[in-house]
Structures are given as C-alpha cells and as structure tokens.
Amino acid sequence: MLVRTFCVFDDLRLTIGLISLVFILLQVANETLHTDSPDLPVCFQLSVLSWLPCVYLWLACLPYLFYLQRNNKGYIMMSMLNRVKTVFGLVLWIVCWADLFGTFHELQQGKTQAPIYFVTPLVVGMTMLLATFLIQFERLKGVQSSGVLFIFWFLSVLCAIVPFRSKIILAKSEIGITDKLRFTTFYFYFALIGAELILCCFNEKPPLFSDVDTDPNPCPQTTAGFLSTVTFWWFTRMAIKGYKNPLEAKDLWSLNKRDSSEQVVPKLLREWEVEQSNAARSTQALYSKPLPAGEGNHVGGESSPEEVEVLLSKKKGPKKASFLRSLIKAFGPYFLIGSGFKLLQDLITFVNPQLLSLLILFTKQKEAPTWWGYALAFLMFFTAFLQTLILHQHFQYCFVTGMRLRTAIIGAIYRKSLVITNAAKRTSTVGEIVNLMSVDAQRFMDLTTFLNMLWSAPLQIMLALYFLWQNLGPSVLAGVAVMILLIPFNAAIAMKTRAYQVEQMQYKDARIKLMNEILNGIKVLKLYAWENSFKNKVLEIRQKELNVLRKTAYLGALSTMAWTSAPFLVALTTFAVYVTVDKNNILDAEKAFVSLSLFNILRFPLNMLPQVISSIVQASVSLKRIQDFLSHDELDLELVDRTNTATVTVVNGKFTWARQDPPALHNINLMVPQGSLLAVVGHVGCGKSSLISALLGEMEKQEGDISIRGSVAYVPQQAWIQNAILRDNILFGKAYNEPKYRSCLEACALTPDLEVLPGGDMTEIGEKGINLSGGQRQRVSLARALYNEADVYLLDDPLSAVDAHVAKHIFDQVIGPEGVLKGKTRILVTHGISFLPQVDNIVVMVEGRVSEMGSYQELLKQNGAFAEFLRNYSLEDIIEEDGATVAFDEEEEDFPDDALSNHTDMVDNEPVVNEAKRQFIRQISIISGDLENPRGRSVRKRLCSERKHVEPDPEKKLPKVEKLILAETAETGRVKAKVFWEYAKAVGPLLSLFIAFLYGCQNAAAIGANIWLSQWTNDAVGNGTKVDVSTRVGVYAALGLAQGILVMGSSFTLAIGNIGAARKLHCALLDNKFHTPQSFFDTTPIGRVINRFSKDIYVIDEALPSTVLMFLGTFFSSLSTMIVIVSSTPIFAVVIAPLAFIYVFVQRFYVATSRQLKRLESVSRSPIYSHFSETLTGSSVIRAYGRHNAFVLLNDMKVDENQKSYYPGIVSNRWLGVRIEFIGNCIVLFAALFAVIGKAHLNPGLVGLSVSYALLVTMSLNWMVRMTSDLESNIVAVERVKEYSETKTEAPWEVEEKKPSPDWPSHGNVEFSDYSVRYREGLELVLKNLTLSVKGGEKIGIVGRTGAGKSSMTLCLFRLLEAAGGEITIDGVNISEIGLHDLRSKLTIIPQEPVLFSGSLRMNLDPFEKYSDGEVWKALELSHLNKFVSNQPAKLELECSEGGENLSVGQRQLVCLARALLRKTRILILDEATAAIDLETDDLIQSTIRTQFEDCTVFTIAHRLNTIMDYTRVLVLDKGKIAEFDTPTNLLSKKGIFYGMAKDAGLTQ
C-alpha cells in the first residue's frame, strides 16, 4: 500500500513537474520569440543554462578518467600555465560558493530565496572543483592539451553569454541592479571562465623523457593542442614548407610510435596466433576430417571460386582460424571511435534542411523579428562547421586504421614468406604473394575508409525518408519507387563494368607480359629484324583492350547520367504526384527546397551503398587469400639436428620437395668427417643441389635423420646478390674487420674487380647484381660465405660461372686442400673434373641416390659409372668446362632461384616457379610507383649481353644510370601548361572545346530547372489551377530530361576523346621504343620502360578520364552555384572575391604539398616490393646464415619509411577538407545573411533556391581541389609517356634508294677498314682502328680476355653499335648506308643468351611464317631437337612459356641454332653459343655447324678453345685492338697470347 502511495505521489510530482516545465517553456517562448529584444527568464538562466556545462563534465568525467588511466603518457612538470589554470579553478569555486553563502546570509536576514539559488552555486562550485582536479590529473598523466575541458569551458562561456547580456540590459533599465553581490560574482565568474577558455588553447610542455625530446623530426600531432588537432592546424607548417620548396624525404616527420610496424605488426600476430591455437584446439576436439576436395568450386554462375568460397555460409569440416576476427580484435576498438564520429555527423546533417525550412518560413512572415533570420543564418553556419570538423575526425580515424591494417598485413605476409615450405611456395607463386602485399593489403586499406557507410547509408536513407514524409506525406513513396527502380539499373551497370574490367585486366596483363618479353629480348629482336612482327602483336592486343575500354566508358556515361539524374527524377515524380493527388496540395518554397536538400542528402548514401558492397565482396576475396597464405605449413626449423657430435651425417635419408611429391632423394647415407672436403658429382638433374637443400633443412624429410654440428655457410648455384653496396653484400650483417675482409677479397680474386668498379667496394650493386658479371656475382657470394667463418660450408657449384683460370685460383686459394678453408668441413657440388683428384671423398649421385662414394683413386678402381664418365671425356676437354659452363649468364635469368629450385637441373620440372617469377616481375614493374629512386628501382631485368666484354664498362655505366634515375625523381614543381595542351591535342582541340560547351549546357539546364521550380513555388495560392500545374510539371520535366541527355552526351564525347588520346599516345610510345637504339636499353632499367607501358598507360586509359570527368563536373557545378546565388542576391558578389582568394590560396598550398607527398610515397613504395622480391629469392640463403630477424627488421623499416610519406598525405586531405569546407560554410552563411537582409524584396522561392545551392557547394569545392590535384598528378603520365615517345631513334629500317639486291651477300666477304666504335657518346673506344679482311666461307674464331671487345665486334656487324670511325663492307656494300632491316635480315647470329618468347615453338622459329613446316622440321632435326619436339603432344605448336622457361637452357640454345639453320644466311655469328650445353650435345652442334654452314662465313666467339682449333684463322683481341690474327697452328708456334690461353686450358704443353 505504502509503495503504491509513493508511486502515485511520484506520478503526481512528475506530472506537476512536466506541467511547470511546459509553462516555463511557453513563458520563455513568449518572452523570447516574438519581440525585437529577446531575453530568457532568470529561472531558465539559473537552471538550464548553468547546469548544461556541469551535466556535460560529470557525464564525460568517468569514461575520461578511465581513458587517462589506460593511456599514461608520462609526467609533466608543473608549469606557470598549469599553476594559473589551477588557481583560476580554485577562485571560480570560491566565487560560486560566495554566491551560496550570500544566499544563506539572506536567509538569516529573513529573505527567503527560491531553491535554485542554493542548488546552482553548489552544483557549479562542485563542477569547478572537478575541473581543477582534472587539470592536475591530466598533468600527471602527460596530457598536453585537454579536449574535454576545452569543450566544458566553451559551453560555460556560451551559456554565460545570455545572463551577461541580460544583466547589462537590467542595469540599463529604470529598475537598475538590486542584487549587487550576484551581479559582481557573475562578472568575476564570466571573466574567469573566459580566461580558462583562452588558457585552454595553449599547450603544456611535453612529458618528461618523451620521444619528442629525442626524435630529430617528431610529428607535431603528438604535441598539438585540442583546437589544432580538430582543425588539423598542426599540418600547416608542412603545407607552407611544401609550397616554398618541393618536399624531400628529409622533411617528413617520423612516424607516430603507435602507427609503426614495431607496435602494429606484433599486435596483429598475437591475435592471429590466438586464433590459430583456438582453431587447432577445436579441430582436435572435433575430429580430424579433411575438407572435401574442391568444396565451393562446383557452384554454377559467374562468381569466381574465391567469391563462392567466401559466400558459402555453412562450411563443414574443421574450424579454420579466422583472420578477420584477428583484424577486428587488433584494430576494431580504434575504428569504433571513428564510427562514433560518423554517427554524430549523420545526425547533424539533417539539421540544416530543418533550418532552411525555418528560414523560408521567416522570409514569408513579414512581421517576424529580424534577429530570427540572423540567428538562423549563424546556426546554419555553426551546424555546417561542426559537421565539417566531425566528418574529418571520422575520416582521420578510418584512414589511420587503414594504414595500420596495411602495415600489419604486409608485416605478417613478409614474416610468413620467410618460413613457408616449398610445397606452399608452389601453391602461392611469387607473383601471388606480392599481390597479397600490394593489391590485397591495399583493398583493406581502401575499404576501411568507407566501411562505416554499411550502416550509415541505411540510417541516412531512413532519416531522409522520415523527414520527407513529414514534408510531403505519402507522395514520397513515388520518389522512393524511382530510387528502388534505379538500384537494379545501377547494379546491372556495375556488374557489366566489373566483367569488362576483368576482361580488360586480362588484355592488359597479356600486353604487359608481351612488352616485358619484348624489352627483355629487344636485342634479339633487333639482331633478327623481327620488330614488325612483335609490334603488330602488341597493337592487336591493344586494340582489344581499347574496345573493352570503350564499352566500359559508354557504361560509365550511362551510370553518370543515372547518378546525376536520379535526384532530379525522384524530385520530379514526388512533386508531380504531390500536386496531382490532391487539389489542396500546393507546392510552396518551403516544401520544394527542403525536399530538394533532403534529396541531395540522399544522393550520397544511395550512390555509395552499391560501391561499399562490391568493395566488401572484393575485400572478402582478399581476406580469404591472405588467410589461406598465412595458414600455410611452415618449414620445420628443427629438421636438422644441431646437437649431435658428428659434423655432417645423413642416415637413411629420404627427402621430397613437397609431401605429395615422389621423393627426390632416396636412401641417402652420408658421413662427412670434420675438416674434410667432399665433392658431389653427377649428371644434370640427378639431385646434387637437392642434397645441399636437404642439408639446409629446406626439403621435407620423409624418413631418416640429418645432423650438422656448428654454423653453416651456403653458396647457392645462382649467386644471390642484394641491392646494397658490395661491402654489405660480403659482410652480410657481420662487423667489418679490415684485414679479414681484405684476405677474403684476395682469396676470391675480387681485388682486380674492385679497381674496375666506380666506387670500389662501396659501389652500389643493382638489383640481382645487375652491374656485376655472372662470375663476379658468384665470387661475391663465395666471399660472403668465407667472411662468415662458419663450421660447415655447403658450396653448390660455385665455380660454374667463372673462367677456367679464376676457377683454378679459387679452388687453390679457398676450397682446396691448401685453401683458406682447410680444416673446415666442405661439401662441394661441381662439374669440374679437374679438381676431383684433390678432394678427400667423392659422392656420385644418380637419379636421387648415391651410386658410389669414396676417394678419387677408389672410384677409378671400382670401374663404375664414375670411371666411365671420366674415360668418356679426356681431361683436356673438360678443363675449360668450368669456364664455359656459365650455367647461363643469370642476367638473363629472371631470378636467382631460391630453395625451390636453386639449381638448373630442377628447372625442367619446376615451370610453376619460374612462371611465378615472371609474374612477379610483371607485378613489380607495374606496381613500382611513378618514380623509381636509385635504391629501389622497380625490379628491372637486364639482358646485358655485353656484360662479359665490358668489364670496365660498369664504371662508366653506374654514374650514368645514377644520373638518369636522379633526373627522373626530380620531377618537382607545377605541371607545365604545355602538358595539358599536349593532352588536349591528343584528344583533339575542337572536340575538347565541344566537351566544355556540353558541360556548360548541362549545368544551364540544371539551373533552368531549379529556377523554374522556384517560380512554380511562388505561384499564388489563388490561381493554382490544374492547367497551370501541368505546364509547371511539364516544363520542369523537360528541363530535367534535357540535363540528363546533355550529361550523357558530354560523358560520351569525353569518353571518345579520351580513348582516341590513349590510342595515339600508346602508338607513339610503342613506335618510338621499337626504333630506339640498343644503347638506350643498356642505360635504362627495363622496369622504368615497362612502367611507362603499364602504370602510365593505365593512368591515361582509366584514371585520367575519370579525373577529367569529375573535374569538369565539379568546376561547372561550383560555377553554377555562384551564378545562382549572385543572381538571387546580387550583393553576394562582394563576398566572392575574398572567398575566391582564400580558396585559391589554400588550393595552391595543398596542391604543391600533396603532389610532392604522392611522389615521395610512390618512390618509397618500390623498395618494399624490391626488397620483398629479393627476400623471396634468397630465403634459403637468409635462413642458412640465420639472418631471418635482421631481414624482418629491414622490411619493417621500409614499410615505415613508406607510411612516413603516406601519413602526411592523408592529413593533407583532412587539412584541405576543413579549410575548403569552411569556405563553403561561409558561402552558406552569406547566402543566408543576404537573404535575411534583402528579405523585403525577395520571394521565398529565390531564398530557397539560393540557400539550397549554397548547401551543395561545399562538396563541389572540396572535390574540385582534390580533382585539380589529381589532374596534376595524373597528367604527369602524359608527360612521362611523351618523354619516352621522343627519345633518339636509330637509323631507318629500310632506305629505298640504297636497297641491296635480294641475293646479297652472295659471297660473304667481310672487310673492316680502320674501324672504331664506342658504346655511347662520351665513353672510350671499345674497338680501336680494326682493319681486317675475311674471305667468303672462312671460319674465324675470336678470342680474348674478358673486356677485350669480342662481342662488341659482332654487334658492329649488325650496327647495334654505330661506327665512331672507319667502315665495314660486306660484299662491297658499305653497311652504314643501307636500312637496318635490310642488313640484319641477311645476317644470322646465335646469341650468348638463348632468348625465347612466349608463344608456340613455331612462332619462335619463324615469326613471319616465311617457311613451310617441312623446312622447320628439317631445321629441328639438324639441331637435334626433333626427338624432343615430336614427343610433345602439341608438336610444333608446343607452347613456350615466358622466356622459354619450360625448356632447359640447353634446349633453348638448340632452338636458337634451329633459327639460324632456317635463315641460313651467308654470314653466321656464334657468340659463346654453346656455354650452357653438356659436352656431348656440344660436339653434335659443332659438327652441324661445320656441315650445314660449310660455305658460309662463320665468326665464333669462343670460350672453349678446343671448338675453334680447326678454324681457318683465329683473331686474338686485346683491349680493343687486334693482337694476333693467323691460323691456330701458326699462333701456337708464335707463343703469344693465344698460346698462353691454350696452355691455361691444357690444350698444349
């Protein structure tokens, strides 16, 4: 009963309270709204206004204290500022309580005061104490500037302004001031809170021992105040610096600790490990049943298997670790703060349309007090400004989350890629792994920006519809119906566009792949005169690509029309239905323009929602790919037992490259005594290198045990060289010790090489050791092993790439019984039979088994396979094999293979890997940003076939390359107008003008429609007859449709113009590159040329058109806004000039800074991928030397370096956004203010029109600056393509008046007269005054030490090098006078590196299809390939992979021979053509050449001297001059240079 009484009593109290509140509010409304001098009642001032700030602070206090407790930044010393703030806080408390005691004093005097006079001073006083406590608590927790307190003081001042004014009005009135105490205390109070607000704007000093003190260039954000943080003012300093001078890497701030890899990556990895262990536990608990094969792939439809996989909701089988969950746990909380801001911003968005409605109402009521209008104008400005600040805070949180996601994903993938098994490497090719790092990580980054739209868009749509319903009632449903109908239309366009994009990507990939091959094999194309055939192939693919682009552009035009017309159609149907449904429905200005501004709000979420959903689908595919990769098996690092006492033992070893593969090594039993030298020999592909990999723990062990005691040094078959200085390549992380270092160089015969390199051992080595020859790379790799002082040395054929005498030196000095390594355990894989007598033991491998083992003598006695092998090849023959088995110069090989196939013999069975490498290269060259800096050029593959003989060349070459690259990076400052003109010319000058005209027309139509609407709304209520309504609706519809048609027309025209420009620019570039002389390709990294064909052409194809479209759209819409506002309130023109000035001013600052930041970002992006590629290829070396952690750190450093330029880039957008939107908000303010001022002669329709346009302008202005910046960034692509379309070209391909006769050369006489040549302008002569005459049919051997000019001589015959003096005549024709194709098609070369192109074998032999199948088969038979080809199911149509990777190097060399046999010209040049072929095949080839080219003139550059001993004459070159030229017998008897070489090779005693 008692409870019920209380409840009734409570209800009664509540009712009375509500009635009195309503009464107070009515009184407030009467006193305030309808008077010219508004004021608020004292009671309201003392209660609501005084309590508001207090309620805020008490509510914010608890979460804020919790936050401070969690995020302690250190301790700040008490400063003067802090003392003053604290004293003021205490004085405020005293002032408030003085009020309270005054009230008590009055009570004693017998004056009873209302309870509010007790409550308010008490509450405010307590709050002031809380604020003072917070000031000190923040100081102890290291907060330099407080947002919570700033808002509190700001609210306090805001709420105190009303009593401030009231008290002055009261003092002026006749009554005067009665309550002097409260009057005085209030002004004290006001002065103090004002002072606190001002003091709050200043910053405290940084906490003690913070990073700011130690960091040379700290990010000012950490020390920025609250206001500076909210407005991004702290960025201004960089904007000014970037405006004055182009920014450089040294100007960038350090990355915030919380965004660095050091903190971000471990955070994600911790969560991922937890996920994995949970998944493992649940799987064990469940059952160990594997996933059904191919699950998810059998679903029909167009979706890719990955998407289907993601979309399949219920997956059976064991639980997988969820990468998404790890991401959410690691980065979700921070992202949620951004979502909070988004929610606030969405709600505030809807305030302005309501204010607009009140403003229109105000202009209708002629008797309304003027202050209403001003209040509304300033309220509109304030809400718009608040919305701006909140929106950009939301973006900042989202972008930073995206940035952290990218850092974390790259870090996780890098760490994983260092430890995945070979089986896993096979499923994830190198290209895919790099894609995960670049594309997939980027997708996550992009998604985070808009992820909140997933819930925000529906919320905005629902709110907009609610307000529209309030405004227009059920008629809104007509508009909603139109929107719903447009959704499938847009979706269909999006689906189709996506399909086209996939198709276009395939063409683009094919084109880049082909270009990549062409540029890699450009020398071969020139030598064979095959350019036209390949040029047509590229143009064919390009045509298909442009056709798809055209379709995409047309779809784009449709979707632009839909997007532009959607709000109009919705408005049209809604208004039409509204006025026709009921005669009483009259469309007035308030309804029309408030609805229009709501429709405009609707436009954004409706457009974004489909995009966000498709981004999510893409990201889910990426998520699955990353998750699969991170779930791969890892190498068992405990596979090799390191604790055993024996040095190297393998017991019953059975090893495989992947679990499902058959074992590569069986039944291996090996025991290498401490300090002995074991040689491993055997045929190609017998498992020698696999044995080394097994000892390193790189293979899967199926049975048996391996143990190695002590540390390991490993020299792979293909040297792995980092892009670093030579010294760092050798030290490999060890400390520098001068004497030890010098002795290593000496032992590895590197000292003479250092004299040749421009910077000695400080010379920067290009990626993959580009500026070192194959032999030098191998010796550097050996020196690295030597310097590392390990216990066990695993040497995988290190002598294959060096000349015979060097091999002997290295064996004697390093590996052999008297070498530096004596006493260490050495396992040497070798083909060099001459060294075998000096080793302790020999293992003979046959098909993955150990067939024999023992010392040299024992094996000879056993008379097994080994003895037979030795007998087949007499010792002399074999001795040079070391010099000659240049197991192909790896300059041509894309990648020194890593663990999966670091040996030529596995290449045949591993096409996957090599294909991967190819793709990787393609990725890299596409990704590698706009500019490559010297350290991180996009992976570039060079076919430096001259490398062998231009040993001194690197010194000239390096500075030259260095200079080229620096020049590229230095693109700074504004883009010249000339570049825009170039693009306009490519589009077509008249077409360009027409496009601009169409854009003008479409905006005119839009303005027309809205002016008509404003006229319509002004129709007097009296004559709103049906006829009038139908005219109004009709004209409105006509104008709107005209706008839609014009939009489509302008988009179509623009698309046609852009595609025309893209075609012209690409054609010019392609044409020029085929005519460019070879010297250009020698000094330009191929990655950079590929970049022009991929990245820059992509920009011209896709990015530039959309930027131009957006730029024109935003420019004209901003212009039309100004026109509308000025025409409705002409006084607005006064404001335009200052606003435009500020706008241009801010824009100039932003564009200069942001452009340079973008450049720096792309420059710093390349090294991440370059380093990653290096790591992937050298992972086995990195693991062998135990450098895993050092490389992880290096990668983190490179990612942080990249984010260092990315972060200011995001902030620059926020900085710009806040400033430009502020200008937009000023436009809203002035449009509203002038509408209020000119209220007397303005009708509501015009006010609505002007202000609703102003509300739209903010977006346009913001986008216009962005687009200006993007346009400048993207138009650079035109500049870069143009630059490479205008490089110097070589001589014409055909000279009509000098065409030689068809049967030329009939004899094959070649004459050099006083001939000199240099590689490029400014370099020394390579050949000096050669004079010699060769009769038709002679066989000439050309020999000489490295760098003597052997290959240069052959290049001169083809005019790849043009004469510096003298001339060459062939059969009496001076070759410098005829066309290049006429010359080159009449000569044949079998080049040093066998280059094949992807396509059929037939195409590789005969690209112009000149010969019959019979002739092709004949050539194959003579080159001993017919057996291999006829065994292939496709026969001549056998598909060669990129670079001919699916053929062994030997087979590729034979294909080149077959080409020569097909062309069968009078003059044949062989350039070390048999270096990669085993001895048997070599003999066959030599005999083929002797028989088939019997009557031809043959020039052979020989390494194996025995091949040219029966030649007519031998030419010995030395330092570019003829040293000796005679028959081999005569030269031997002269005992000159040739004799010395023959002696080294053991051909003479």
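Cβ coordinates are placed from backbone N, Cα and C, and glycine is handled just like the others.
According to TrEMBL, the transmembrane segment annotation covers 49-67 (among others). Beyond the transmembrane segment (49-67), the same-chain residues lying 6 or more positions past its ends with a Cβ under 8 Å from any Cβ of the stretch are 40, 120, 123-124, 126-127, 130-131, 134, 137, 148, 151-152, 155-156, 159-160, 162-163.
As annotated by TrEMBL, transmembrane segment applies to 116-135 (among others). Counting only same-chain residues 6+ beyond the ends of the transmembrane segment (116-135), those with a CB under 8 A from a CB of the stretch are 43, 46-47, 50-51, 53-54, 57-58, 61, 64, 82, 85-86, 89-90, 92-93, 96-97, 99-100, 103, 146, 148-149, 152, 196.
If you look up TrEMBL, you'll see 186-202 (among others) marked as transmembrane segment.
TrEMBL lists 336-618 (among others) with the feature domain 'ABC transmembrane type-1'.
Taken from TrEMBL, the feature transmembrane segment applies to 371-391 (among others).
Residues annotated as transmembrane segment in TrEMBL: 450-469 (among others).
Summarising the annotation, TrEMBL assigns transmembrane segment to 552-581 (among others). Long-range contacts of the transmembrane segment (552-581) within its own chain (CB-CB distance under 8 A, at least 6 residues past either end) are made by residues 468, 472-473, 475-476, 478-483, 486, 489-490, 493-494, 496-497, 500-501, 504, 587, 591-592, 595-596, 599-600, 602-603, 606-607, 1002, 1006, 1009, 1013, 1029, 1032-1033, 1036-1037, 1040, 1043-1044, 1047-1048, 1051-1052, 1054-1056, 1058-1059, 1105-1106, 1109.
If you look up TrEMBL, you'll see 648-872 (among others) marked as domain 'ABC transporter'.
According to TrEMBL, the feature transmembrane segment maps to 990-1013 (among others).
According to TrEMBL, the feature domain 'ABC transmembrane type-1' maps to 993-1273 (among others).
Look at TrEMBL and you will find 1033-1056 (among others) tagged as transmembrane segment.
Within the same chain, residues 553, 556, 560, 983, 995-996, 999-1000, 1002-1004, 1006-1007, 1010-1011, 1050-1051, 1054-1055, 1058, 1132, 1136, 1227, 1231, 1249-1250, 1253-1254, 1256-1257, 1260-1261, 1263-1264, 1267-1268, 1270-1271, 1274-1275, 1277-1278 sit at least 6 positions outside the transmembrane segment (1103-1125) and bring their C-beta atoms closer than 8 Å to a C-beta of that stretch. Residues or ranges marked as transmembrane segment by TrEMBL: 1103-1125 (among others).
Under the heading transmembrane segment, TrEMBL lists 1131-1151 (among others). Note on the transmembrane segment (1131-1151): residues 239-240, 242-243, 1122, 1125, 1212, 1215-1216, 1219-1220, 1223, 1226-1227, 1230-1231, 1234, 1237-1238, 1261, 1265, 1268-1269, 1272 of its chain, located 6 or more positions outside it, place their CB under 8 angstroms from a CB of the stretch.
The feature transmembrane segment is assigned by TrEMBL to 1222-1240 (among others).
Residues or ranges marked as transmembrane segment by TrEMBL: 1246-1265 (among others). With a threshold of 8 Å between CB atoms, the same-chain residues lying at least 6 positions outside the transmembrane segment (1246-1265) that come near it are 352, 356, 359-360, 363, 380, 384, 388, 589-590, 592-594, 596-597, 600, 1010-1011, 1013-1014, 1017, 1110-1111, 1114-1115, 1117-1118, 1120-1121, 1124-1125, 1128-1129, 1143, 1146-1147, 1150-1151, 1216-1217, 1220-1221, 1223-1225, 1227-1228, 1231-1232, 1235.
Under the heading domain 'ABC transporter', TrEMBL lists 1310-1544 (among others).
Counting residues 6+ beyond its ends, the transmembrane segment (371-391) has Cβ neighbours under 8 Å at 33, 36, 38, 230-231, 341-342, 344-345, 348-349, 351-352, 355-356, 358-359, 362-363, 1217-1218, 1221-1222, 1224-1226, 1228-1229, 1232-1233, 1235-1236, 1239, 1251, 1255, 1258 in the same chain. Sequence-remote contacts of a segment are chain residues at least 6 beyond its ends whose Cβ falls under 8 Å from one of its Cβ atoms, and for the transmembrane segment (1222-1240) they are 352, 359, 362-363, 366, 370, 373-374, 376-378, 380-381, 384-385, 388, 1121, 1125, 1128-1129, 1131-1132, 1135, 1139, 1142-1143, 1146, 1246-1247, 1250-1251, 1253-1255, 1257-1259, 1261-1262. Packing against the transmembrane segment (186-202) from elsewhere in the chain are residues 81, 84-85, 88-89, 91-92, 95-96, 131, 145-146, 149-150, 153-154, 156-157, 160, 163-164, 167, 225-227: each is 6 or more residues past its ends and has a CB under 8 Å from a CB in it.
Long-range contacts of the transmembrane segment (450-469) within the same chain, counting only residues at least 6 positions beyond its ends with a Cβ under 8 Å from a Cβ of the stretch, are 335, 338-339, 342-343, 346-347, 349-350, 353-354, 394, 398, 476, 479-480, 574, 594-595, 598-599, 601-602, 604-606, 608-609, 611-613, 615-616.
The average pLDDT computed over the domain 'ABC transporter' (648-872) stands at 82.
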